[in-house]
Amino acid sequence: MIYISSSQRKKIMFDEKQLWKERFGRTVKELSRYLRYIFNGHIVIVMVFLLGTAAFYYQEWIKTLPNHFPAAAVMAIILALLVTYSPIYTFFSEADKIFLLPLEDRLSGYFRRSLAVSFLVHAYILVMGLGIFMPLYARVNDGNFNTFLPFLLILLSLKIINLLIRWKIQYYIETSVHILDACVRYSVNAVFLYFLFSGASIIFMLAAGVLLILLYLFFSMKSRDKGLKWEILIEQEERRMTSFYRLANMFTDVPKLKDRVKRRKWLDWLMAGIPFKQEATFKNLFVRTFLRSGDYFGIFIRLTFIGAGAIYLISYGMGQILLVPLFMYLTGFQLLPLWNHHQDKLWVNLYPVKWDIKEKSFKQLLTGILYVQALLLSLAVLANGGWMASLLSLALGILFAYAYTHFYIQKRLAGSRT
């Protein structure tokens, strides 16, 4: 007869390596499922066009820079944000604070793997960020691209120490500690990177690096007798997944997405003109949903500002005009989920209102939104162009809005008829 101790039974029952493998695999499968919808169809063509246009004008802008342009300061300020921002992907769920919390001392391998995966994700972002800024650095440093690899290795080393410090901060529940940590690390990272990109003495960089190491040692010592704040880790993980689901919801229906409602009382005047009668039932519902629920209103505001900024920065007249319907398409495409926002709510189907009225109400709202955006983007054309280009872009925008809402999306709306 073989005797198995209590500790041995627990070890047999719990395998942290298998747990991490299952959590990681499940998350990758979930992300892949929705990424197929995001990077599929017309949106990819639009993104390639926008990235190509941005790259062209960025290269042209760099050519106009004087040799004394403060490239080191600009790179340090922006890249320090990428280095400082160090979320750690734990793949935790709500139930873990009950079932895994007692096993915290046996999850060290799980946490190491989470840190490793987090580092790989951040490393990719740093490679992209440094790659974007290297032409700027080379412009004011006689075309020198040879420093890319040394810079990258140093940035990755900085990211490792920032991730380790960030992990120790997860043992604190006080918001002030989290804010102080982010501010201190950003300041040290920015100073370090400025010394690096400006070619300062290595002594200054060593001093900043030693300060980061001391921060890690300090928080390691202070957190030795603390436990992980599971509520914070779970909340962070849920917030990240919700953000991803919200993005995916622009391209397909996401059942797991939780509705977020914001009152936005200051926008009530936009609903004052909607009559209180049966024919306006869905108009009232769609307008309120657009203004208060999810991120629909935020999408409209963000894309309008981004579009206006892109139009203002582009000096080519025809390019400005073409950007107007392009950003209107992005807006219209990402607002389409508004049509199905209430599809799982039984009470909506109980309205004694014809389907045609619902469809007409949605089209009217989306057309009005795109008309407003066409006007705002045309004003951006006017600010950096002329009256003729502005009027042409407005006319093109109005024509696009009508065609998009009355012809392009008709098949999708008809397909959801029950």
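Positions of Cβ are set from backbone N, Cα and C atoms, glycine also.
Residues or ranges marked as transmembrane segment in TrEMBL: 34-57 (among others).
The annotation transmembrane segment is assigned in TrEMBL to 69-92 (among others). Long-range contacts of the transmembrane segment (69-92) within its own chain (CB-CB distance under 8 A, at least 6 residues past either end) are made by residues 20, 23-24, 26-27, 100, 111, 114-115, 117-118, 121-122, 125-126, 129-130, 133, 136-137, 139-141, 155, 158-159, 162-163, 165-167, 170, 182, 185-186, 189-191, 193-194, 196-198, 230, 233-234, 236-237, 240.
The transmembrane segment annotation in TrEMBL covers 113-136 (among others).
If you look up TrEMBL, you'll see 148-165 (among others) marked as transmembrane segment.
What TrEMBL records for 177-196 (among others) is transmembrane segment.
Taking Cβ pairs closer than 8 Å, the transmembrane segment (202-219) reaches residues 158, 161-162, 164-165, 168-169, 171, 181, 184-185, 188-189, 191-192, 195-196 in its own chain, all 6 or more past its ends. Taken from TrEMBL, the feature transmembrane segment applies to 202-219 (among others).
Taken from TrEMBL, the feature transmembrane segment applies to 296-315 (among others).
Annotation comment: TrEMBL describes 321-340 (among others) as transmembrane segment.
According to TrEMBL, the feature transmembrane segment maps to 361-381 (among others).
Taken from TrEMBL, the feature transmembrane segment covers 387-409 (among others).
Looking at 113-136, 177-196, 296-315, 387-409, the range that has the most CB pairs within less than 8 A of the transmembrane segment (148-165) turns out to be 113-136. Within the same chain, the transmembrane segment (321-340) stays apart from the transmembrane segment (177-196): fewer than three Cβ pairs sit under 8 Å, each pair at least 6 residues apart.
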